[in-house]
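Heads up: the structure comes next, in structure tokens.
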């Protein structure tokens, strides 16, 4: 892999690290970036690459929130952290709808992976973010901490995650919207979304790897490792930024950004015909 191609892969890793956690759709951005960069690797590999580099992003969540996610304590009397185990059970419950939909993943991708759908979902969920923020303005959230999330609420958030199977939706965007609709604060909605990403994105990456196979060329191995490492580093920065940002600000800016990006995607591919 030459230096220019390596720079392209690094740029894709940067885009993944930023857009995976901000509710602005990594798919929509990667579609635009790939349109201009044209990485010199097979189409099938790039389809798999765009999903598998999420492993780097997942690792960032594990590293940043390890103390909160690790269910065991050094204390002899309280070796098992019950609250953490309960949180993981709720995450498993939230994963159930997605697991049920696994057989339909490829069909949905084949049916909806096009610029028109991506532009539409970018704009639609951008509008939803603005509407929800306007609705919640001045109200105290009913769910102010992770332990307030019930099993029923976790399952409902998982249903919203199914919507992210449609390209352009944004997995984080869909689950944050779902959590906020059920009364979660912005911080809790984002935090639960990040934790839910661990099994969800790991599973999606594993499925893509199994579908593609584990036979890679030297250039493809370099691309995967570089992309994952870049996504990991950028994700660390972005997650820290977002969690600090939403303590004092709302999601409206991301809603407006989605609307503008959706219009750009629609306009570009309409003119490119």
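Backbone N, Cα and C atoms are what each Cβ position is placed from, and that goes for glycine too.
Listed in Swiss-Prot for this protein:
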TRANSMEM  4-24  transmembrane segment
TRANSMEM  45-65  transmembrane segment
TRANSMEM  84-104  transmembrane segment
TRANSMEM  112-132  transmembrane segment
TRANSMEM  149-169  transmembrane segment
TRANSMEM  187-207  transmembrane segment
TRANSMEM  219-239  transmembrane segment
TRANSMEM  251-271  transmembrane segment
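Residues of the same chain lying 6 or more positions beyond the ends of the transmembrane segment (4-24) and with a Cβ under 8 Å from any Cβ of it are 30, 33-34, 37, 39-41, 49-50, 53-54, 56-57, 60, 122, 125, 129, 170-173, 176-177, 194, 197, 219, 222-223, 226-235, 237-239, 242, 251, 254, 257-258, 261. Sequence-distant contacts of the transmembrane segment (112-132) (same chain, at least 6 residues past either end, Cβ-Cβ under 8 Å): 23-25, 27-28, 31, 166-170, 173-174, 177, 180-181, 251-252, 254-259, 261-263, 265-266, 268-269.
A Cβ distance under 8 Å defines the sequence-distant neighbours of the transmembrane segment (149-169), meaning residues of its chain 6+ beyond its ends; these are 25, 27-28, 31, 89-91, 93-98, 101, 104-105, 108-109, 112-114, 117-122, 125, 143, 175, 177-179, 182, 184, 188, 192, 196, 200, 262, 265. Listed by sequence, the residues of this chain that lie at least six past the ends of the transmembrane segment (84-104) yet keep a Cβ under 8 A from its Cβ atoms are 68-71, 146-147, 149, 151, 154-155, 157-159, 161-162, 165, 192, 195-196, 198-200, 203, 207. Contact check: the transmembrane segment (45-65) against the transmembrane segment (251-271) gives fewer than three Cβ pairs closer than 8 Å, residues 6 or more apart, which falls short of the contact criterion.
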